[in-house]
Amino acid sequence: MFLRQEDFATVVRSTPLVSLDFIVENSRGEFLLGKRTNRPAQGYWFVPGGRVQKDETLEAAFERLTMAELGLRLPITAGQFYGVWQHFYDDNFSGTDFTTHYVVLGFRFRVSEEELLLPDEQHDDYRWLTSDALLASDNVHANSRAYFLAEKRTGVPGL
């Protein structure tokens, strides 16, 4: 269920959003990051993912989002649950007048790069980086780097 922009703004202003993030690994042990074109985290490299819609099961959201973000429809059983995370942003999808709060369910899985059909709606570029390279880059958003930092994983529910 997609909301009108005004209604969605009320939701984002008032409540946390639920989303899925995908920690996608290739056969070389590199991880997929896309350069975000939209707020929040605009201009940063970020793992693929997206919001769960109202009345959408996690299984359906996983399949919809893997198709939308990777061009490859995968069942939720393809992913290893990677914990419950919290993401806080100073801006929102429409500007800087209120913050955004996400409760994020992480899923990690391996894919064959050749199977992916990466879209350009949410990201204007993609890269595969080793965990060391993405941790060393200030252009990778802190919320994505956290998935690879042992001290950030400590105490994360589900890990």
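Keep in mind that glycine also has a Cβ here, set from the backbone N, Cα and C atoms.
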28-49, 50-71, 94-115 - the range that Swiss-Prot marks as motif 'Nudix box': 50-71
Residues in the motif 'Nudix box' (50-71) grouped by DSSP into helix, strand and remaining coil: 13 helix, 2 strand, 7 coil
Neighbourhood of G49 (Mg(2+) binding site) by C-beta distance under 8 A, where only residues 6 or more apart in the same chain count: S19, L20, D21, F22, L65, E69, V104
Secondary structure content, the domain 'Nudix hydrolase' (13-153) (per DSSP, counts of residues): 38 helix, 51 strand, 52 coil
Nearest of the binding-site residues (F2, L3, F8, R36) to Q122 (Mg(2+) binding site) - Cα to Cα: R36
